[in-house]
Amino acid sequence: MAEASSDPGAEEREELLGPTAQWSVEDEEEAVHEQCQHERDRQLQAQDEEGGGHVPERPKQEMLLSLKPSEAPELDEDEGFGDWSQRPEQRQQHEGAQGALDSGEPPQCRSPEGEQEDRPGLHAYEKEDSDEVHLEELSLSKEGPGPEDTVQDNLGAAGAEEEQEEHQKCQQPRTPSPLVLEGTIEQSSPPLSPTTKLIDRTESLNRSIEKSNSVKKSQPDLPISKIDQWLEQYTQAIETAGRTPKLARQASIELPSMAVASTKSRWETGEVQAQSAAKTPSCKDIVAGDMSKKSLWEQKGGSKTSSTIKSTPSGKRYKFVATGHGKYEKVLVEGGPAP
């Protein structure tokens, strides 16, 4: 169980120490390279002094090799997340450099004489290529940093700014809430007597009342005049509804003629009603049709009798007399024969 618990801690440590080890390896490689370069420069200067003060210019390949190591760590850095297990050559170099540093011996660098022996034909065209080398140096010095370098610089600057902001936020003192302040004040202050508590309470109540009064004053006044008018109208409506409605007297209409005036006076006196009662027939068997026929007989009178009388060829005259409802009787008319 102890081994299982210690394994994850060791893995975490290895993950944390990975980038630091990578950075330390790169720093050591740069230091070794700089030492080798300084030794080469010293040996070249010593040879030049012995040879009569002529300073041979470094060949083009050496200049390019001297420029490459400064760019190599940035390209191989991979922002601290490279897998060093896939680079056995670099690991061997790192182990060799560490052994040299631990033993205290200076790092072994190839002498320029050996390089000249390996490359005997380089001095022949040193003078010819010197101008080209100077131009390339100037162009390389004038060229700005590559896009990868600028991206890495921007990322590094952004990360540094974010870290500074987080650090400032952590260092900023938090503003305590009013409840916490009240609690601290109450704890720091000595215990108050009941009279002081009552005084404080009354003062707070008075302040709240003053605030409420100020709010009420700021509110607009209600239209009291309109309310009074509405009350008056309401009371008047109640009074008029409670009273019994009086019949309005109609204006007298002028009667057009004297006949109407006489009938009016007769109605007022009651003569018309008496006359109508007297005119009503006593017999209840009479129908409206019979009454109309009776009126016709009365109006025409003798003309009807003359018309109903008929003469026969014998010279006698007869007439029909109504004996009942729809019944007539033939009666001989006394008198001489028809003319």
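Any Cβ shown, glycine's included, is placed from N, Cα and C.
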Record-annotated phosphoserine (source Swiss-Prot) among candidates S139, S188, S295, S314: S188
Secondary structure of K327 (N6-acetyllysine) (DSSP, helix/strand/coil): strand
DSSP state at S24 (phosphoserine), helix/strand/coil: helix
Residue with minimal Cβ packing [other Cβ atoms within 10 Å] among the modified residues S24, K327: K327
Inter-residue Cα distance where the pair is K327 (N6-acetyllysine) and S24 (phosphoserine), in Å: 158
